[in-house]
Amino acid sequence: MSGVPFPSNLLPSPSSPEWLSKADNAWQLMAATLVGMQSVPGLIILYGGAVKKKWAVNSAFMSLYAFACVFFCWVFWAYRMSFGDTLFPFWGKPALALDEKYLFKQAFLGAFPNATMIYFQCVFAAITLILIAGAVLGRMNFYAWMMFVPLWLTFSYTFTAFSIWSTNGFLAKMGIIDYSGGYVIHLSSGVAGFTAAYWVGPRLNKDRERFPPNNLLLMLAGAGLLWMGWTGFNGGDPYSVGLDASLAVLNTHACTATSLLTWVFLDVIFFRKPSVIGAVQGMITGLVCITPAAGVVQGWAALIMGLFSGSIPWFTMMVIHKRSKLLQKVDDTMAVLHTHAIAGSLGGILTGLFAEPKLNSLFYGVYNKYVGLFYGIQMNMASTGRRQIGIQLLGILFVIFVNVVSTSLICLFIRLFVPLRMSEEDMEIGDEAAHGEEAYAIWGQGDKHENSNSKYGSSLYEDVEVAATTKNKRGSQIEMM
């Protein structure tokens with residue numbers, strides 16, 4: 001019996017070597033594009049709608065510039081500093097990633113070429129810088145931002161990416177679990193953004209007191225792109241179209257929905273009104289919290305993580321922030337400390353608690369090395385579970401230290417050449433002073449509702465001063481002052 005001929009389109013060829021999985025390559029390119037769309041146009045229009053009208057162009061342009069600048073630097077030197085051969089214990093050797101021979105080789109993970117991996121990792125690096133921008137909107141000198149982006153990418157992002165994600169990184173070898181960037185992207189951007197906001201200084205007092213979004217519907221459109229784009233963000237990190245990719249996507253959306261609802265319920269309980277801005281904040285904290293765990297935890301754990309991510313960052317933002325002199329001093333425009341640093345740290349710790357050994361073996365290919373404390377106790381491997389929690393905590397401390405130090409040094413270096421902050425006169429004007437352009441051909445800042453009682457419209461950090469009371473199961477009163 002003669003053999004059935006193999007379809008010609010599936011035969012190996014110069015453009016399709018035997019090691020290449022066309023399905024995995026196609027999904028990886030699509031996942032990268034989804035992540036890219038989270039930034040362009042997702043965060044561009046989210047920032048453009050969330051800020052005061054006079055800052056819409058500047059906020060959007062900071063994001064667009066960062067995306068382009070990161071891409072340029074990434075292919076010239078930054079990718080191989082993050083994932084290449086070891087230069088120092090925490091760093092890879094800088095080198096071009098543009099040569100055909102290098103681009104067509106199989107990537108260090110996955111059945112696709114280096115070119116695909118470079119693209120995928122680039123959009124992750126780009127969104128990290130754009131998230132940092134959220135902390136300094138409304139006053140950072142654009143020329144300082146133009147310098148900040150390549151410097152921070154080179155001397156901070158590559159450092160943490162190599163240590164945590166590279167196969168040669170010391171935390172990767174120890175066994176840290178950061179499935180899709182809770183540490184490398186979100187904790188880094190939250191800490192770096194808060195640190196940069198400290199050095200740049202605050203917005204004008206009147207802008208800090210009243211900073212209403214100029215277009216809530218536009219902000220919601222950006223938030224929707226951000227949420228749906230997370231399908232590629234977490235679904236692309238198994239580097240294949242397998243079972244763990246499906247689980248990661250489902251867990252991502254389950255956690256996010258739970259977090260959003262939790263945040264909205266807390267707003268209703270304590271502020272008596274559901275807030276659109278609050279819902280977006282809850283959405284973001286849910287997305288961030290599940291990121292380090294998406295493909296390595298069970299669905300029920302994702303729901304629990306959503307409850308935590310919708311409540312703990314809410315409490316730190318609405319209560320602790322207002323009572324802390326340090327937190328009040330630093331003007332973090334988009335609250336990235338809470339939505340990214342705290343939510344990312346929370347996700348990392350909960351990953352150390354709920355990481356399921358079988359799911360980790362699907363992702364890492366190693367069984368019983370990555371064991372959450374919850375399962376470690378069940379399996380009589382409590383010491384392994386405690387070790388995992390310890391590694392997760394060590395990763396948090398490492399990322400905080402690296403980003404505080406590197407971001408501070410970069411800001412101090414930049415201000416030797418250009419001011420970090422715009423002048424008071426230019427901040428009064430906004431986009432017209434910074435770029436000679438305006439977003440809308442209308443007068444005023446859209447501040448018609450001066451008596452608005454939204455807890456988010458006047459300032460992102462309002463104290464919970466009007467106590468809301470609810471009865472607990474025993475009939476006593478629970479108050480939040």
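Here the Cβ of each residue, glycine as well, is placed from N, Cα and C on the backbone.
Among the features that Swiss-Prot reports, N-linked glycosylation site is placed at Asn114. Feature annotation from Swiss-Prot assigns topological domain 'Extracellular' to 1-28, 80-116, 163-180, 237-250, 355-393. The feature topological domain 'Cytoplasmic' is assigned by Swiss-Prot to 50-58, 138-141, 202-215, 272-275, 321-333, 415-481, with a curator's inference given as support. The transmembrane segment annotation in Swiss-Prot covers 29-49, 59-79, 117-137, 142-162, 181-201, 216-236, 251-271, 276-296, 300-320, 334-354, 394-414.
Between the transmembrane segment (142-162) and the transmembrane segment (394-414), three or more CB pairs separated by 6 or more residues in sequence fall under 8 Å, so the two stretches touch. Most Cβ pairs under 8 A with the transmembrane segment (251-271) among the ranges 216-236, 300-320, 394-414 are made by 300-320. Most Cβ pairs within less than 8 Å of the transmembrane segment (276-296), among stretches 29-49, 59-79, 117-137, 216-236, belong to 216-236.
Counted within 10 Å of its Cβ, the other Cβ atoms near the residue listed as 'N-linked glycosylation site' come to 20, all protein chains included. Distant neighbours of the transmembrane segment (300-320): 250-252, 254-263, 266, 270, 278, 281-282, 285-286, 288-290, 293-294, 327, 335, 338-339, 342-343, 346-347, 350, 354, 356, 455, 460-464, 480; these residues of the same chain sit at least 6 beyond its ends, with a Cβ under 8 Å from one of its Cβ atoms. Most Cβ pairs under 8 Å with the transmembrane segment (117-137) belong to 59-79, among the candidate stretches 59-79, 181-201, 216-236. Residues 51-52, 55, 58-59, 62, 196, 200-204, 207, 211, 331, 333, 418-422, 427 of the same chain lie 6 or more positions beyond the ends of the topological domain 'Cytoplasmic' (138-141) yet place their CB under 8 Å from a CB of it.
For the transmembrane segment (394-414), the partner stretch with the highest count of Cβ pairs under 8 angstroms, out of 29-49, 181-201, 334-354, is 181-201. Touching of the transmembrane segment (334-354) and the transmembrane segment (59-79) is ruled out by the presence of fewer than three CB pairs under 8 A, sequence neighbours closer than 6 excluded.
If you look at the topological domain 'Extracellular' (355-393), the same-chain residues 6 or more away from its ends with a CB under 8 A from one of its CBs are 171, 174-177, 179, 238, 242-244, 247, 293, 295-298, 301, 348-349.
If one looks beyond the transmembrane segment (216-236) by at least 6 residues along the same chain, the residues whose Cβ comes under 8 Å of a Cβ in the stretch are 27-28, 30-35, 37-38, 41-50, 120, 124, 179-181, 245-246, 248-249, 251-253, 256, 276-277, 280, 283-284, 287, 290-291, 294-295. Taking Cβ pairs closer than 8 Å, the topological domain 'Extracellular' (163-180) reaches residues 82-86, 89-90, 92, 108, 233-234, 236-237, 248, 291-296, 348, 351-352, 355, 360, 363, 369-370, 387-388, 391-392, 394-395, 398-399 in its own chain, all 6 or more past its ends. In this model, the topological domain 'Extracellular' (80-116) carries an average pLDDT of 92.
Non-local neighbours of the topological domain 'Extracellular' (80-116) in the same chain are 19-21, 24-25, 28-29, 32, 74, 125, 154, 157-159, 161-163, 165-170, 239-240; each lies 6+ residues outside the stretch with a CB under 8 Å from one of its CB atoms.
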